[in-house]
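For reference, the structure discussed in these notes is given below.
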Amino acid sequence: MKSIFIIIFILYVFQVNSQTIYPIDPSGKCEQYIGDTPSSPCSKFLNNLDSIYVSSNATQQNAMKKLDEYFGILGAIGTSGCKSDSLTYKTLCSIYLPGCESFTNNQTNITIAIPKRICYNTCNNVTTKCGVPKFYFSCDQIEPVSGLPMFPLNYSEFNLTNYDVGNPNYTVQCYGPLSDNTMVNLDSSYCPPPLFYHNSTDHDADYDRGYLFVSETSNCVVPNPVPLYTNEQWDQLYNLSNTLAVLSTFGSLYLLVTFIILNPKVTSFDRMYGFFNGSVFMMSLSGVILFIAGGPRALIKDGGARISVFEDPLCSSTGFIFQLFAINAILFWAYMGFDLWWRVKYITKPLNIQKYYVPIAFTISFIFSVIPLATKNYRMVRGNIHCWVHKAVLQNTLFFGPLGLTLTISTGFIGLVIYEIYKIVKATGRGGIMKLEIKPILNIVLIYFSFVYIFAFNFHNDNNSKNTYGSIDEFFQCTLESDDPSKCTVGGPSIGSLGYFIYCIRIYGIYCFFLQGLNERAFKIWKRSIVFNNRFILFIKVKLFSMDNNSPSESGNSSTTAGTSTTINNSNINKKNNNSKPTLSTMDSNAFSKNNDSDSDFDDYDPYHKKQNDIEIGSVNIK
């Protein structure tokens with residue numbers, strides 16, 4: 001039993017000793033230093049310029065490229081204490097350009113080379129002083145071939161017996177340079193891609209101009225659009241915003257023209273939705289203005305170095321328009337929710353508060369939009385697609401506060417609407433009321449969930465901003481290791497979540513178009529409007545009827561009849577043209593409908609069909 005323990009102990013000692021012996025690269029060699037690059041002045045900090053170790057799978061040229069990148073990052077985001085210490089540069093240069101010892105076999109004339117590695121404590125002290133995270137560069141990393149520490153505590157051991165040197169445990173002390181007064185003038189204008197250099201003497205003033213510096217001591221600025229996504233993904237988001245803005249503008253404009261301009265009898269219901277649709281139109285128009293100017297990329301200035309701010313007219317104008325009418329839309333949407341509940345609960349009792357509510361809503365919207373205008377706080381939202389209110393305190397006070405309050409109140413009204421409908425259906429056993437209210441309910445609910453998402457998205461991003469900024473180190477690591485740094489991204493909201501946010505701020509006109517604009521009443525308004533009742537349209541109709549009546553038929557009698565009909569029709573039309581201007585009665589309505597509709601189409605609009613539907617609750621008949 002004792003002998004077994006002795007054998008195990010011997011094997012353990014042998015294994016430990018074998019693990020401390022570093023392998024020798026037979027193709028490794030000692031080379032003379034090839035010289036500094038403009039970004040990496042290592043000649044001041046290397047211990048021996050005549051003996052640099054180069055392994056079989058490395059070159060000094062590749063090492064200098066890596067050093068250029070690290071010197072660039074050091075100049076861009078390094079702390080002043082880190083950049084002013086010569087030990088930082090001695091350590092950095094010696095990691096990628098280690099010292100070298102060589103041995104020659106006198107019999108075979110073969111020369112071998114072994115590196116002089118940086119000491120672990122030196123590496124650890126420098127990375128700690130410079131604030132380098134371990135996942136970015138770790139002094140605990142091991143060499144891939146041997147599995148031994150890349151930075152030994154004291155020395156490295158080599159077995160040189162096979163190279164006629166005769167020492168099986170040859171030791172090379174690790175290199176632990178000391179700080180001295182050697183100074184280095186880094187190229188302060190160099191910034192590693194994709195950062196931009198901006199010569200700044202006042203970071204605070206330049207921040208107000210739209211620049212975002214990576215640190216207080218650096219003149220390197222964050223690129224725009226912010227590398228949350230690749231350029232291709234940003235283009236997809238920009239195209240989504242442009243497309244929805246155009247569609248929403250035309251959808252809301254159609255509703256305004258139909259129910260406010262062409263409509264011969266505008267009801268209070270039309271006016272209520274008109275104020276909301278008008279606000280949506282102007283919100284969407286701000287996106288169209290941006291689209292015409294070149295899309296969201298037009299808000300990015302100086303080749304991507306800065307974002308648009310208040311002093312840029314395109315930004316301040318579109319930001320003001322969006323804020324003004326976004327608040328307006330929120331307030332009128334809240335009124336629509338209250339109006340819907342009132343109509344469901346009281347049915348025939350009118351709600352006459354528009355004349356008070358409208359001026360109050362416009363006043364609130366104007367004040368909440370002028371405040372950021374007066375304080376010059378409209379600027380592009382970094383990592384987004386439009387200009388809007390700057391500073392969290394103003395955003396929360398002038399937008400998200402009112403939005404949160406409105407959502408709270410509207411949630412109550414939506415619940416009350418559902419409850420009232422439930423009571424009516426339960427009392428009558430009929431679901432007709434639900435059919436009557438389905439479109440208004442959908443309109444309220446769809447917009448409600450859009451507002452809720454905007455509210456939640458903003459506060460989620462604010463609460464997780466540290467996670468985004470905390471991934472900047474990983475971003476720089478990617479730029480160093482990637483063949484295409486433009487593919488590197490900073491951690492942040494997923495592209496799907498930002499895409500849905502863009503959808504929510506641009507979709508309202510499309511929602512309203514499908515829920516309000518595609519119905520029989522809208523078609524009748526257009527059919528009887530001046531758009532289809534003017535001399536030009538009348539002339540086209542006459543020509544079309546003439547061509548139709550003069551076309552060949554299967555029998556001569558039919559042709560004669562057609563000709564007679566044409567003569568009569570033309571005679572009647574000419575007679576009426578001489579006596580009066582064309583009106584609906586002078587035209588053949590068959591061009592638009594199979595049936596001749598009466599003027600009763602212009603009776604008071606009754607969107608809830610109160611006149612045509614009797615609702616019985618218990619023994620009471622409500623009309």
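Every residue gets a Cβ built from N, Cα and C, even glycine.
Swiss-Prot gives the label N-linked glycosylation site to one of Asn125, Asn199, Asn549, namely Asn199. Per Swiss-Prot, the N-linked glycosylation site annotation among the candidates Asn106, Asn596 falls on Asn106. Taking the topological domains listed in Swiss-Prot, Phe269 lies on the same side of the membrane as Ser546. Between Asn57, Asn569, Swiss-Prot assigns N-linked glycosylation site to Asn57; no such entry appears for the others, which is not proof they lack it. For the annotation N-linked glycosylation site, the record in Swiss-Prot points to Asn463 among the listed residues Asn463, Asn557. Note on Asn239, Asn578: Swiss-Prot annotates N-linked glycosylation site at Asn239; no matching annotation appears for the rest, which is not proof of its absence. Note: Swiss-Prot links Cys100 through a disulfide bond to Cys30 (candidates: Cys30, Cys174, Cys191). Here the glycosylation sites are Asn159, Asn169, Asn199, Asn239, Asn463, and the one with the most other Cβ atoms within 10 Å of its Cβ is Asn159. Between the transmembrane segment (274-294) and the transmembrane segment (398-418), the number of CB pairs under 8 angstroms, six or more residues apart, is fewer than three, so the stretches are not in contact.
Contact counts against the transmembrane segment (440-460), taken as Cβ pairs under 8 Å, peak for 495-515 among the stretches 244-264, 355-375, 398-418, 495-515. Listed by sequence, the residues of this chain that lie at least six past the ends of the transmembrane segment (355-375) yet keep a Cβ under 8 A from its Cβ atoms are 275, 316, 319-320, 323-325, 327-328, 331-332, 335, 389-390, 394, 398-399, 402. By the count of Cβ pairs under 8 Å, the stretch nearest in packing to the transmembrane segment (318-338) among 244-264, 398-418, 495-515 is 398-418. Around Cys100 (disulfide bond), the same-chain residues at least 6 positions away in sequence with a Cβ under 8 Å from its Cβ are Lys29, Cys30, Glu31, Asn48, Ser51, Ile52, Tyr53, Val54, Ala113, Ile114, Pro115, Lys116.
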